[in-house]
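This report refers to the structure that appears directly beneath it.
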Amino acid sequence: MLTCSTPELLSLIAHRRSLKQSLLKPDPIPREQIEQMLEAANWAPNHGASEPWRFAVYAEDSRKALGETFARSYRLGVAKEKYNPQAEEEQRKRVWLAPVWIAIGMQPGGRHPEWEEVAAVGAAVYGAQLVAASLGLSAFWASGMPVTHPNTARFVGWEPPTKLLGFVYVGRPAVPWPKGARGDWRQKVVWHWGNP
Ligand SMILES: Cc1cc2nc3c(=O)[nH]c(=O)nc-3n(C[C@H](O)[C@H](O)[C@H](O)COP(=O)(O)O)c2cc1C
């Protein structure tokens, strides 16, 4: 039975937010809530039943090795003249700011163009983000260099053709739930509704 009305769903969609890790409480999140997010992700539309989304979840102490990995990836990926030890330390420490870090992977089915698989993974992540919002959680998709570096992908255990598309970090906001902003959708649509 469908228990969510269209106005309720639209309201949740507009309510969903991504908060920077510095605005989150580090407090743990029940594993069951992450499972609900991943179940939503698994219902995403996809071409030819490829179901290309892959996830690896890091919580509690497993984040230590993840932070070391981000730091090493930063060292490996940053241009020599731009290296900043403080930035490296930030990569090591950031994992403690959000209680759960979910690596986002795309495993192509091989029968359809890669962009379709990436689009399907995007849809999967969005489903997870909506469920997060319904639970009062923020889920931020980050894709900067250290979190997508091949060294990080190896740590997660994903070899080509599987691609690491970043991490979604999840946590409860430490600040009032922010209001989002979008341009008017009407400005982004051309209608062809009937004959000219
Ligand atoms: C695929 C993808 C990758 C992203 N990577 C980053 C990122 O590396 N850094 C960043 O500041 N925002 C990134 N964003 C944007 C944020 O995740 C977030 O969606 C954006 O700040 C809008 O906020 P909202 O989700 O609350 O509307 C990314 C978004 C997507 C969809």
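Glycine is treated like the rest: Cβ placed from N, Cα and C.
Note that the structure is predicted; figures quoted are calculated from it, not measured.
Residues or ranges marked as domain 'Nitroreductase' in TrEMBL: 13-172.
Residues or ranges marked as FMN binding site by TrEMBL: ARG16, ARG17, SER18, HIS47, TRP141, ALA142, SER143. Cβ environment of ARG17 (FMN binding site): ALA133, SER138, PRO173, TRP177, PRO178, GLY180 lie under 8 Å away, each six or more residues apart in the same chain. According to DSSP, ARG17 (FMN binding site) is assigned to coil rather than to any helix or strand.
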### Summary
Near ligand 1 by the Cβ criterion (under 6 Å), the binding-site residues from SER18, HIS47, TRP141, ALA142 are SER18, TRP141, ALA142
### Query
Which has the fewest other CB atoms in a 10 Å radius around its CB: ARG16, HIS47, the listed binding-site residues?
HIS47
### Message
As a test of the contact definition, list every same-chain residue at least 6 positions from SER18 (FMN binding site) whose Cβ is closer than 8 Å to its Cβ.
### Response
GLN129, SER138, ALA139, PHE140, TRP141
### Summary
By a three-class reduction of DSSP, ALA142 (FMN binding site) is assigned strand
#### Entry: Model confidence over the domain 'Nitroreductase' (13-172) (mean pLDDT, whole number)
98
